[in-house]
Amino acid sequence: MIRIRFGMDVLLVLLLATCLLTPAHGTPLEWDFAVTLRTKIQFMDSSWQTIATAAHEFDELSALTFDESEELIYFNDLKHRNGSIFSLKRDLVAANHVAEQTIARTGNESVGGLAYDPLNMNLFWSDTEQRKIFFAPIYGSATPKVLVDLSAEGGRPDGVAVDVCRRKLYWTNSNVTHPTVERINLDGSNRTVIINSDIDMPRGIVVDQLSDRLFWIDDLKGVFFSVESCKLDGSDRQVVLKDKHHEPLNLAVTNDAIYWTDRTTRAVWSHPKVPVIKVTTTSKPEEEDSTDSTDFTDPEPMAEDCPLVRVANLSEEARGIVVRTGFYQRLQKDHHCASIVRKVKERVVEQNRKFEIRSMLDQKIKVLEDERCMNGGEYRAATDLCICPTGFKGSRCEIRECHNYCVHGTCQMSELAYPKCYCQPGFTGERCELSVCSGLCLNGGHCRVSKDENEAPSCECPAKFGGARCEQNSTEICSLFCRLLKHEPEMYVPFGCHSICEELAQDNSTYIAVPQYEHLEVCLTPRVWTSSVIIILVVGIVSSLLLVAVIVHGIRRLYKPKRPRIRKTFVVRKQARTNSAGDTPLTNRPLATEQCEITIENCCNMNICETPCFDPKLVEQTLSKSSCKEDKKILIHNMEDDLY
């Protein structure tokens, strides 16, 4: 039974290795292109449709490389605190991606390019800040070693690429004063410059094992860029494409096309691998509106026009790009690569076989670990103890050390494996259990916490209190000054104590003196509503009302129609005429010497001839029964008209 089980396990390992080494269209992961954006890795199929995203927990992704032998993607995060380079693998059972730290951060690295050697399982990367190219194995915790040091010569390594079959490393030197494309053996020997002329700022570079050529991006002067290629020794240099208004970073090559990421347009572009213009160094410059100094021959068309194709629009700035090439299947019979492919396959199969055998032998221990030790704890059968991972404790690793550790903050495990709290604004202490305002403000002061973490909290003091913590009682301080002022009248008392001393003097004037300041009324708030102001205001209002009344009355008198004046003339004589029986003194005109004429304008002013205004007889008759209105009608009896 053991032999049968062992044979089945070996067969399973071989089948698994075969699946890992199948071409792109047969992979269970079903992606063909992977692009790093700023905060994620985006996977796309052959038609550039997004099928998955991963690495969302990272903040500043940049470089990217791919190991087809084990389906591992290696990428860099510029802002991660602990790690510099990470690996990403698809979990077929859980259908998700698992990211693990591969290279720890040792300083302020700035990775420009990444490359992987599947034979020795080494990662190579360029550091644009230190101006060096490093390498380190993906397993273990070995310190990265320097393969190429360009700092002394002022170089700036950018893109890197590994020629797996010929065991060489290629890189671009983007130093604008002396740009180059160079190579070196993977053991650090035989460094060679293969391109050093007619180049401005080379960026990404890739080795095409199918055509045995190099492809790189050159960020030309001005707004131009180009994609060029040459043989692996630098000969047969060709310009595949020259265009403008792009800011390309990295590129990838398939069997028939070139793909590159563009930061300006946030897109991935493609162009056939067929070159458009061949470059030499002995011909006249190309006649076009360009600011670079590259010498070109007359354009020699190599094929039909091949326009650019924008294959993918991205939501963020595009950076690294890798493509699945089916390297291990297509190069099995290549005379340069056959031996390397065979060795890689053997290593993968052997590695998986050892893994399966070890799993079989440790199966019982694994069960014990799962049942006995929680949270990934390691079970020690000899001592029957659990070795807990960082962040857990207890006999079975069941207690999370950060659980309820920080009262007002976030808990993280420190480098020394101790829980550490990062407090919220306004709190402090080892466990963020103390408020920065606790006991700070005295005497009822209100504590204010600024949003700026570097600014200390402040106190807003109530009335009659001051100081940074409201610890100064103005009443007590001023009472001391005012008591001393009682004995030393010339002593200076702060101005703010005046009102306080007045209040204290009302209760205890024997011991309290009120300071008198010259021109104190200038400093005090003026009293507006005094008695004189009120009197003047009232007089002004009354005068204004009287003036308005006079004006209104005058206007009414001016526009009121005049009443007509009634004039009556009466002739009075002493002797009546004898020749007329009907003559009476009131009807006969008197003689010239014996008569007078009375002109009556207003009965109310009958004082001219001392003649009464009313007829006496009628007055006597109607006195008892006439009203005031009837009196007006008897103002002179026998008048020709009724005046009223």
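Every residue, even glycine, has its Cβ placed from backbone N, Cα and C.
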Cys441 - recorded disulfide partner, Swiss-Prot, among Cys421, Cys459, Cys461: Cys459
Candidate in Cys461, Cys482 joined to Cys470 through a disulfide, as Swiss-Prot lists it: Cys461
The domain 'EGF-like 2' (433-471), counted residue by residue under DSSP: helix, strand, coil: 0 helix, 10 strand, 29 coil
